[in-house]
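Summarising the annotation, Swiss-Prot assigns signal peptide to 1-24 and lists sequence analysis as the type of evidence. Taken from Swiss-Prot, the feature domain 'BPTI/Kunitz inhibitor' covers 31-81. Feature annotation from Swiss-Prot assigns disulfide bond to Cys40-Cys64, Cys56-Cys77.
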Amino acid sequence: MSSGGLLLLLGLLTLWEALTPVSSTDRPEFCELPEDSGPCKGLFHVFYYNSDQNQCLEFIYGGCYGNANNFKTIEECKRTCAA
């Protein structure tokens with residue numbers, strides 16, 4: 001196989017890996033944490049993964065503390081936690 005063919009194959013494999021959904025066994029443990037607004041009083045619309053409903057949901061984050069199950073976009077939440 002030529003070097004160009006190998007590069008194409010490598011590129012396709014990389015793309016396939018990026019587009020393959022994360023399975024529940026590969027999901028980071030913090031995806032199981034409950035939503036946590038934290039003690040601060042900000043009003044940031046963010047997303048968390050709800051493991052009971054197997055989906056990303058919006059919640060209001062106060063802006064400090066909380067936990068790692070906190071994403072700025074629904075896309076980031078789905079990419080990280082949703083199967």
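Cβ coordinates come from backbone N, Cα and C, glycine included.
Structure coloured by features recorded in Swiss-Prot.
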| residue | record | DSSP class |
| --- | --- | --- |
| Cys40 | disulfide bond | coil |
| Cys56 | disulfide bond | strand |
| Cys64 | disulfide bond | coil |
| Cys77 | disulfide bond | helix |
For Cys64 (disulfide bond) and Cys56 (disulfide bond), determine the Cα separation and express it in whole Å. 20
Pairwise Cα distance for Cys56 (disulfide bond)/Cys40 (disulfide bond) [Å, integer]: 22
As a whole number of Å, the Cα atom of Cys77 (disulfide bond) is distant from the Cα atom of Cys40 (disulfide bond) by 22
